[in-house]
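Engineer: Below, the features straight out of Swiss-Prot:
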- 45: active site, proton acceptor (ACT_SITE)
- 45, 46, 122, 123, 148, 150, 185: NAD(+) binding site (BINDING)
């Protein structure tokens, strides 16, 4: 089996990554940064997001597992003290693969140039680069509303505990193939109205944003931030691809939610 390790870059994470690499090589595993079967993320959720985007083009062949050394390890289910146990599990235990839905983002342009396509594991956001975002919102090909406000956040179920939660969105279990649209400071008065609530769209339902002409947009996809000009539309839907996580033991979603947001430390 081929593996690679991505570290957060701090001293403790680098030390753990080096230790795991030596252990796995001793077990006869092959270090392969280009085509790994397993990617081990050592850090926090941000490190795993970087790992996902590095290998997004081979999601059918690569699975991820995380060792938590960061501030929040929602995707990482192993502690630094369990590194030896994890290595032995990888070497000797048949593992289960759990799949999570992803968000597909397609940006199309007024001038007809080639569209830009992205995958998000947590969320994608859109804001105006110069003030209020004004955009038509279409759902399933039909006009839904005209949004005016700071921006919109479109999240995956696993990403619903991140920015989406801070915006008042619902937490969705990753077994549900859906995307969620949450507003950022929408303008609502006698003249302008939005639905004012997060929307949950199931698989095969598409949301298309059509921004006002001449608007420069700041678009994020997970940790990536870009400015796009001359945007005709942005399409969001549940992606055909899924991210795969290696599981050697139960890692209940609701327990993670409770431990992250409710349980006493």
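Any Cβ shown, glycine's included, is placed from N, Cα and C.
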Engineer: Work out the three-state DSSP category of residue 122 (NAD(+) binding site).
Structural biologist: coil
Engineer: Work out how many Å separate residue 45 (active site, proton acceptor) and residue 122 (NAD(+) binding site) at their Cα atoms, rounded off.
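Structural biologist: Distance (Cα to Cα, whole Å): 10 Å.
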Engineer: Same-chain residues six or more away whose CB lies under 8 A from the CB of residue 150 (NAD(+) binding site)?
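Structural biologist: Residues satisfying the criterion: 127, 132, 133, 184, 185, 186.
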Engineer: How far apart, in Å, are the two Cα atoms that lie farthest from each other among 45, 46, 122, 123, 148, 150, 185, the residues recorded as binding NAD(+)?
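Structural biologist: Value for the max Cα separation, rounded to a whole number: 31 Å.
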